[in-house]
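Reading through the structure tokens given below for one structure.
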Amino acid sequence: MVFSKISQVAHYTPKQVISNDDLSQIMDTSHEWISSRTGIEKRHISTVEMTSDLAIRVAEQLLAGSGYDATALDFIIVATISPDASMPSTAAKVQAAIGATNAFAFDMTAACSGFVFALAMADKLIASGAYQRGLVIGAETLSKIIDWQDRSTAVLFGDGAGGVLLEASEQQHFLAEALHTDGAQGQSLTSGQSSLRSPFSQGQEVNSFLQMDGRAIFDFAIRDVSRSITAIIEQSGLAKEELDYLLLHQANRRILDKMAKKIGMPREKFLENMMHYGNTSAASIPILLSESVQNGQLKLDGSQHILLSGFGGGLTWGSLIVKI
């Protein structure tokens, strides 16, 4: 039987850093207001790079770390809600840029759950026996879809990318998964809405900026996501104590605080870096994963159990328990 494992991690963020104090110069806010409510202190904002540029940098790092030539890749999946364009896909641009001529490539649109959804799909591709290895990348330039006059959203988001190289393994590393969607709550978090613009349409103009009902999303995360995480831990057969770390979508520190209490696990097991990057949607979990390997908290030697959990627009939420 064929399984898959995460063998490389990488991340990349734009050089431009915007602090809370910087934002206070262009809108009615302050460092204290943002930090106390979200835990965010700064974020990286792209000035010239597109989403594909960030994803390409991650792909190049993953290949360099692995020693593989790009032609050894079988697939590339990019999770994003801020692609360069509707087509070609961001993944197709990555494929062309790195010369992965044997890989099929496509984008995954599942908002802040996108990386988890894409990773679950990639695991199944390799487990089928038809494919040996591929890249799963979360990449966003959310700065281009934000209304910078709306402080309820503008202070939250940042740009960045992270990803993993997934390849075949004789040992099982993906131990449990749970993926969910509730489209009935979809209007709680929206972006990129398009008007009907044909000569025959009677469509109304719509707001295409990212819009969010913050209270609804907070309640959804604490209620539905915590319930799903508790269920997947039970599904895995692991005791809570056997989980080394939980890497949740980096939306808000208060969500992590509440989640730890709701699930009944030590807060220190919930890794975080939103203070440095803000909410980077599909990129938040792989950036956190890569940084945690970089700083030595995670080893990639098969000795640790981690839980990855994303939640956001759709509404979508999903969790994986992985041995790394």
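Just so it is clear, glycine is given a Cβ too, placed from its N, Cα and C backbone atoms.
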Ranges 65-69, 140-144, 170-174, 250-254: which does Swiss-Prot label region 'ACP-binding'?
250-254
Does anything in the same chain, at least 6 positions from H249 (active site), have a Cβ under 8 Å from its Cβ, and if so what?
C112, S113, N279, S284, I285, S309, G310, F311, G312
Looking only at the region 'ACP-binding' (250-254), how are its residues distributed among DSSP helix, strand and coil?
2 helix, 0 strand, 3 coil
Within 10 Å of the Cβ of C112 (active site), how many other Cβ atoms can you find? Include all protein chains, please.
33
Can you check how the pLDDT averages out over the region 'ACP-binding' (250-254)?
97
Quick one: give me the count of other CB atoms within 10 A of the CB of N279 (active site).
24
